[in-house]
Structures are given as structure tokens and as C-alpha cells.
Amino acid sequence: MEGGYEQGGGASRYFHNLFRPEIHHQQLQPQGGINLIDQHHHQHQQHQQQQQPSDDSRESDHSNKDHHQQGRPDSDPNTSSSAPGKRPRGRPPGSKNKAKPPIIVTRDSPNALRSHVLEVSPGADIVESVSTYARRRGRGVSVLGGNGTVSNVTLRQPVTPGNGGGVSGGGGVVTLHGRFEILSLTGTVLPPPAPPGAGGLSIFLAGGQGQVVGGSVVAPLIASAPVILMAASFSNAVFERLPIEEEEEEGGGGGGGGGGGPPQMQQAPSASPPSGVTGQGQLGGNVGGYGFSGDPHLLGWGAGTPSRPPF
């Protein structure tokens, strides 16, 4: 009985050891660890499944935005390829340094002056040459200066007053024989339909002994050597009479209350009748051996001056 009890007692101790809490804890721990790994793996799969729809929706939003930007008219493929979804701000580099195209005037202004250098051949009439040039070009010519040599010049000179305040010699035409150097030549030549007498040339000449004479040119003016003229041409010239009409009306009203006197705008009579080129025969005489015909008082040289050699 004791042996059987001992055997039974040993078996009870063996079974008692099997049911100890430490053994149960050691056996349950690996099983619990496996369950925790499986649970963590399951949670990770659920999290990935939740993120996948959000990523798909985000990609669809990006595709819609790109499609919208490509449909816009101001989208640039170059900028969209370099920085998608962004537009460059500011001015492109180097845009301020671009060369501007030059301004080219294709036609002249009708009121502009043109400069000309005119050469008159020897033996030609200077007045006729300039008049023909103005008529063919249809432009007015303003002669600013000239140099050269002319011969047998015909001038119209003004009236010279006498010592007592009266007129000692009437205005007329004087012809100078010989060769003369041009000191100054100015005036204007207008093409038709300009009124007659609107233009004219004035000249100053020097003789061989240093004498200077001048006046208005009466054609012809023959060039004995090449004559160079500096001139300017113009067009669209407007001819106007001065004073203007408003002043004429005011002057006419004021003159009417003056007791029957002549109107203020009436042209005053000339002090001496004008003489043409044909009036040279009326100016007989010779001044101290000078080779020109006319009144000796026209050039300011009196009849009592001593004789001088010709030019």
C-alpha cells in the first residue's frame, strides 16, 4: 500500500507540476505572441486598403487639374513641362534689353525745306535758270547766297533823296558793263500760279577797283563763269495779304468818321512812277567814265566827283 501510495503520490506530484501556473504561462506566451503578429499584419493590410482609395482620388484630382490647364488658352507647354501647375511670375529675363526696331520715315513732310546747291553754267541766264527750275519742280526756291562772276548786269535802283529833302533822281534801271564778282545774291523765285512780282533777286557786286554796287536784278543776269547758288526749296506756300481782313474792316469803319477823308487802307500813291527795262533811254548820261548808263545820282556819286577808271 505504501508502494502504491508512493506511486500514486509521485504521479500526483507529476500532475501537480503540470498544472503549475508558470508552465501555463510559458505555454500560452508563444501562442499569444503569434496572435499579436497576426493582428498587427491584419491591421496593416486594412490601413493600406484605406489609403488606396485616397491615393486614387488624389491622382484623379491631379489629372483633372492638368487637363484643365491644357484647355486654357494662355497655358504654355514649355512652362507646363518645366513646372507643372505653376505659371511663371514677372517679366522674362532679357526682355528689357531687346533692340527696338528703328523708326523709318518713308516720305517727307510737304512743308519741309530741302537744301540745294545749284550750279549755273557759263553763258546762262541765272534768273531764267532758277525760274525754269522752280516751274518744273513745282516748288518755290529761296536763294540764300551765291558766288561767281557775272557780266553786263542790269539793276533797278531806288530813289535817292536830294540835299533839300526832295527827290534828286528818279528810280530807274542801270546797266553795268564788264565783269563783276558776286558778293551777295538773295531772293525768292515762285512757280506759277504765284502773282507777278511776288519774287525777285537782289545782288551786290564788286568791281575791279573795289567798288561795290547793288540793287534788284533785272533779267538777264549772265554768268561769265560757273556760278554756285545755295538755295532751299519749299512747297505749299500760302500767299496772304497783310493786314488781314478784320483789320481792314476796323480801319474802314474808323476812316468813315473822319469827315470824308480817304480810307486808311487805300494804297498810297507811289513817289515815282515805276520804270521798266525799256526806260534806259530816259537815263542818259555817264558818270565819270564808268561803263554804265543812267542817272549819276542813282549810285550816290555826284556829278562833281573826279573821273575814275572803269571797272
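Cβ coordinates are placed from backbone N, Cα and C, and glycine is handled just like the others.
Model, not experiment: these values are computed from the prediction.
Summarising the annotation, Swiss-Prot assigns DNA-binding region to 86-98.
Here Swiss-Prot flags 55-75 as compositional bias 'Basic and acidic residues'.
What Swiss-Prot lists as compositional bias 'Gly residues' is 252-262 (among others).
Annotation comment: Swiss-Prot describes 263-277 as compositional bias 'Low complexity'.
According to Swiss-Prot, the feature compositional bias 'Gly residues' maps to 278-292 (among others).
As a summary of secondary structure, the domain 'PPC' (110-258) carries 24 helix, 71 strand, 54 coil according to DSSP. Marked as domain 'PPC' by Swiss-Prot on the basis of sequence analysis: 110-258.
Swiss-Prot lists 40-105 (among others) with the feature region 'Disordered'.
Mean model confidence for the region 'Required for the binding to non-AHL interactors' (178-183) is a pLDDT of 94. The region 'Required for the binding to non-AHL interactors' feature in Swiss-Prot is assigned to 178-183; the stated evidence is experimental evidence.
Residues or ranges marked as region 'Disordered' by Swiss-Prot: 246-311 (among others).
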